[in-house]
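**Q** I am attaching a structure below and will ask some questions about it afterwards.
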Amino acid sequence: MKLNVNLPDHPYDVIIENGALANIGNWVSSLWKKQKIVLISDNHVNGLYGQKVVDQLEKSGFEVETFEFPEGEASKNLLTAEKAWNFCAEFGLTRSDGIIALGGGVTGDLAGFVASTYMRGIHFLQIPTSLTAQVDSSIGGKTGINSKMAKNMIGTFTQPDGVLIDPEVLKTLGQREFCEGLGEVIKCALIADKDLWNLLTDLSAKDLLENFAKIEEIIYRSCEVKRKVVVDDELDNGVRLYLNFGHTIGHAVENTAGYGKVMHGEAVAIGMVQISKIAEKKGLMPLGITDEIRKMVKKYGLPDDYQPWDEALLFKALTHDKKARGTIIKTVIVPEIGTAKINEVTFEEMKEYLKK
């Protein structure tokens with residue numbers, strides 16, 4: 001399966017294919033001339049796939065070094081980025097060379113940020129190995145690192161030269177890590193694909209883990225939602241905000257819990273349920289939709305709430321949300337399953353939203 005992210009200034013393909021990792025040398029050769037490559041990966045994923053990828057790239061004529069960092073959201077910071085910049089410089093990476101992200105969302109965000117800022121920008125490719133990264137963060141060009149104030153506070157819009165998705169790598173994920181990615185899949189269904197919602201209604205996490213043909217279909221449909229939105233609004237000024245359904249409260253939960261304690265897809269699931277509950281009470285979403293969303297996230301092993309729910313800490317994190325404009329924050333609601341809408345809320349109203 002192939003999707004084309006047909007942006008006017010930087011079009012690229014997303015390849016979705018079981019077993020694609022075994023053909024990585026040919027794929028990279030079709031996109032880049034023979035050059036130096038820094039492979040960026042965390043210690044866990046690098047241990048699983050790193051040497052195989054390096055061997056194939058070297059066999060195809062590339063000169064490769066690997067920058068490995070400690071697994072987890074806590075590594076997505078300026079210190080790790082600086083270490084990566086220095087690593088690239090010591091290897092002699094120039095603007096004609098490139099960076100490949102091999103890993104989940106943390107790796108993709110970090111590697112993309114490093115590539116977009118090293119020497120004011122060099123080429124990079126995405127090879128996502130988590131479900132969250134495959135269906136969401138590897139596509140669209142958002143890169144970033146966290147600060148203590150907010151998630152992804154420092155970042156750029158920089159499109160990759162290509163994305164290679166191999167669903168078979170998901171077999172190495174634990175159940176929690178796999179289900180976490182379904183938070184973003186459920187979000188895609190809610191904002192833009194009712195047929196995907198119906199498919200998720202008919203399936204279960206167990207079905208998906210046992211049937212990789214279904215996984216491939218779900219990845220494709222989720223990527224297509226992301227592709228359409230990114231092509232319509234590359235820089236996040238309009239409809240791309242729909243992709244943030246559940247993320248306003250979700251990012252605040254991640255921040256207040258401590259990065260990595262609540263996984264991103266889990267936080268998105270919590271955020272979707274909580275913002276829907278508020279919007280339903282205010283008549284902005286239909287009666288009963290929150291229960292439908294809650295039932296779906298729980299069916300796929302995701303949380304619908306977070307404790308301790310500290311309104312003051314959550315509000316402080318929300319004030320640094322990237323969707324804030326002055327004292328107004330743009331939240332996303334779902335008027336009906338398969339559609340989305342922007343709802344502008346003042347900070348004072350958001351304080352009320354956070355009260356339980």
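Glycine is treated like the rest: Cβ placed from N, Cα and C.
As annotated in Swiss-Prot:
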BINDING   71-76, 105-109, 129-130, Lys142, Lys151  NAD(+) binding site
BINDING   Glu184, His247, His264  Zn(2+) binding site
**Q** If we check Cα distances from Glu184 (Zn(2+) binding site), which of the binding-site residues Glu73, Thr107, Ser130 wins as closest?
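**A** Smallest Cα separation from Glu184 (Zn(2+) binding site) among Glu73, Thr107, Ser130: Ser130.
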**Q** Between Ser75, Thr107, Ser130, which of the binding-site residues has its C-beta surrounded by the fewest other C-beta atoms within 10 Å?
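**A** Among the binding-site residues Ser75, Thr107, Ser130, the lowest count of other Cβ atoms within 10 Å belongs to Ser75.
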**Q** Taking the centroid of the Cβ atoms of Glu184, His247, His264 as the Zn(2+) site, which other residues of that chain lie with their Cβ within 8 Å of it, listed in sequence order?
**A** Thr132, Asp136, Gly183, Lys187, Gly246, Gly250, Gly265, Ala267, Val268
**Q** Express the distance between the Cα positions of Asp109 (NAD(+) binding site) and His247 (Zn(2+) binding site) as a whole number of Å.
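**A** Here the two Cα atoms lie 16 Å apart.
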**Q** Round to the nearest Å and give the CA-to-CA distance linking Glu73 (NAD(+) binding site) with His247 (Zn(2+) binding site).
**A** 16
**Q** Count, for each of the binding-site residues Glu71, Glu184, the other C-beta atoms lying within 10 angstroms of its own C-beta, and report the residue with the smallest count.
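**A** Checked Glu71, Glu184; of these binding-site residues, fewest Cβ neighbours within 10 Å: Glu71.
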**Q** Look up Gly105 (NAD(+) binding site) in the DSSP assignment and reduce it to helix, strand or coil.
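**A** For Gly105 (NAD(+) binding site) - judged by DSSP and reduced to three states - the answer is helix.
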**Q** Which ones in the same chain are close to His247 (Zn(2+) binding site), with CB under 8 Å and 6+ residues apart in sequence?
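**A** The list for His247 (Zn(2+) binding site) reads Val268, Gly271, Val332, given in order along the sequence.
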**Q** How far is it from His264 (Zn(2+) binding site) to Lys151 (NAD(+) binding site), counting Cα to Cα, in Å?
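**A** Approximately 10 Å lies between the Cα of His264 (Zn(2+) binding site) and that of Lys151 (NAD(+) binding site).
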